[in-house]
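Worksheet: one structure, shown below.
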Amino acid sequence: MQVSSLNEVKIYSLSAGRSLPEWLSDRKKRALQKKDVDIRRRIELIQDFEMPTVSTKIKVSRDGQYIMAVGTYKPRVRCFDTYQLSQKFERCLDSEVVTFEILSDDYSKIVFLQCGRFVEFHSQHGHYYKTRIPKFGRDFSYHYPSCDLYFVGASSEVYRLNLEQGRFLNSLQTDAAESNVCDINPVHFLFAMGTAEGKVECWDPRTRNRVGLLDCALSSVTADTEIDGLPSVSALKFDGALNMAVGTSTGQVLLYDLRSSNPLIVKDHHYGLPIKSIQFQHQLDLIISADSRIIKMWNKDTGKIFTSLEPEYEINDVCLYPNSGMLMTANEAPKMSIYYIPVLGPAPKWCSFLDNLTEELEENPESTVYDDYKFVTRQDLENLGLAHLIGSSLLRAYMHGFFMDIRLYHKAKMMANPFAYEEYRREKIRQKIEETRAQRVQLKKLPKVNKELALKLIEEEEEQQITRKRKQKNLPSLLKDDRFKVMFENPDFQVDEQSEEFRLLNPLVSKISEKRKRKLKILEELEAQEQEEEEEPEGKASDAESSESSDDEKGWVEEVRKQRKLLRQEEKVKRQERFKEDQQTLLKPQFFEIKEGEEFRSFKDSAKKQKLMKKTLGDRLKLEEKLGTLNVSDTTVGSKQATFKLKKSEQQKKQQEAERQHRQERKTLRRSASHLKSRRGRGQLFH
């Protein structure tokens with residue numbers, strides 16, 4: 001089954017692949033299916049869905065159970081039962097069929113219009129009756145209310161045959177020399193016929209009078225169209241009560257509203273071939289028009305292309321299975337094509353498995369059509385010297401270029417470029433060189449900032465990959481994390497390895513840093529060699545790196561002590577240097593100006609204030625609490641309550657001290673006075 005896609009619309013070709021000959025035995029067919037993959041993978045939706053040579057017309061019965069097709073050679077009709085997925089019967093005819101119509105819901109009543117002016121009627125058992133019309137017929141339609149058959153052809157008259165009375169009625173006399181197609185509206189039963197002069201005449205069957213005339217040939221000619229002759233009407237189809245589509249022999253499709261003489265939209269196929277079939281798809285408001293080369297599906301309101309389909313062989317007729325996405329074509333080939341387009345609708349109920357099959361194919365996409373073709377543009381054809389093939393059967397136009405057979409492309413390229421083998425050889429040599437370069441020491445790209453930290457992270461990542469279990473998930477790397485990207489780009493984040501905090505936290509940094517510095521030096525040398533493109537023999541890894549291992553706890557403690565001792569020595573040296581600098585500096589007198597309204601007490605107060613302002617809020621609160629100016633207590637709800645006491649000035653302190661001494665003196669005087677009174681009272685008592 002081949003799959004093609006245009007405008008993101010999947011089209012499944014259900015008739016692709018080779019068919020087996022009928023004369024083969026079942027045993028040989030099974031053997032071929034085992035050997036040939038293409039035969040084994042093909043989908044035979046309906047068994048023997050083909051004609052001996054060519055199929056000309058194809059239709060579906062109103063109940064949807066039977067598919068009928070006519071073709072040659074010999075002239076015959078075949079009926080396929082969809083419920084059994086096989087052929088129900090086959091009947092041979094005396095002459096080729098121009099067109100046919102299924103009058104009943106099933107296959108029990110069929111009318112055939114044949115080439116030799118014959119009209120043949122078939123019933124359920126087979127041939128029923130045969131008659132002739134005066135002129136060669138090209139199309140006919142059945143009028144259900146009156147049981148009349150209307151025949152149009154190589155005459156100005158429209159012949160009427162009444163099937164209830166079994167006789168011809170008076171003909172309709174038209175102004176046209178010849179008529180090509182006709183149709184009857186299914187709602188109000190208006191009869192319309194398309195003439196060879198490019199006009200459409202509308203007749204009322206009740207009064208047998210002409211009620212309208214449309215000049216489609218004049219309306220089909222627009223500023224963008226180029227025509228060689230007079231456009232005649234080649235296809236006609238009604239849609240509902242008011243819409244009608246007309247196809248011309250020059251490849252245009254005109255959509256009319258019966259209330260207007262001007263077309264609503266004109267769609268050109270751009271092939272200049274007669275339109276052979278017009279179908280309406282009501283779910284998506286699409287019109288399906290076909291000429292002998294392409295089937296186009298386009299929106300009837302805007303004219304925008306929905307998708308298109310180009311079969312391998314010329315098209316004679318197109319049939320859309322009712323209320324589904326299945327499309328069948330009668331071709332200039334023995335096999336009749338079946339296409340399934342899921343966007344148009346679901347698969348018919350007798351082949352509902354197609355929906356599941358296409359869903360599986362969408363989940364597991366495979367190569368589409370044109371696998372054995374090469375897409376080339378017009379410029380490529382000119383470079384290859386094949387521009388003269390444009391318009392021939394060797395090139396198939398597609399979008400902005402053409403598809404051509406891949407074998408023809410290779411031959412033309414070999415002739416146009418005889419040195420292609422040398423280019424191929426150079427390309428292979430370059431690939432081999434690239435493979436050998438990949439086996440060299442892989443350079444690690446380190447950032448500009450914190451190179452040693454990045455190297456440390458890379459080493460830890462490699463160790464984790466070796467020791468990590470299979471079930472454990474891969475942890476994200478800091479080097480690839482955007483949150484830490486600035487740390488390896490901004491120089492402000494450079495790690496200071498000489499700081500006291502870093503040396504105490506990383507006591508073994510001296511040995512590890514030496515090892516990493518050696519690595520960094522090697523990497524820088526390799527980068528320089530790569531930039532200069534000099535090929536040098538690869539060096540062996542140093543033994544020091546492999547021999548050194550991580551120190552134990554005792555060595556770590558000793559290293560910490562050494563680092564602390566070094567830090568104390570460095571601190572002592574710094575203090576001595578600062579002391580020498582202080583001795584060498586000469587202090588010069590400085591004068592300060594006091595603001596108005598302030599008293600100068602001493603430099604100590606200002607120094608104390610400056611020191612106090614430099615302290616944090618927590619330190620200041622602790623100091624205030626020690627001095628007694630702050631009292632912090634817990635409340636019942638768990639919060640803190642702070643009580644502050646304002647500081648007093650020196651004058652307030654002196655005044656408070658004098659008041660305290662005065663209160664103390666008065667207290668002593670009161671005590672002495674009370675003592676004297678008590679003594680006097682005791683003396684009077686003795687007297």
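The backbone N, Cα and C atoms fix where each Cβ goes, glycine too.
For reference, TrEMBL has these:
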COMPBIAS  527-537  compositional bias 'Acidic residues'
COMPBIAS  647-662  compositional bias 'Basic and acidic residues'
COMPBIAS  663-687  compositional bias 'Basic residues'
DOMAIN    1-364  domain 'Nucleolar protein 10-like N-terminal'
DOMAIN    369-417  domain 'Nucleolar protein 10-like second'
DOMAIN    481-507  domain 'NUC153'
REGION    527-557  region 'Disordered'
REGION    643-687  region 'Disordered'
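In terms of DSSP secondary structure, the domain 'Nucleolar protein 10-like second' (369-417) contains 21 helix, 14 strand, 14 coil. The list of residues near the domain 'NUC153' (481-507) in space but at least 6 beyond its ends in sequence, with Cβ under 8 angstroms from a Cβ of it, reads 447-450, 452-454, 513, 556, 559-560, 562-564, 567. When DSSP labels each residue, the domain 'NUC153' (481-507) comes out as 15 helix, 0 strand, 12 coil, counted as helix, strand and coil in that order.
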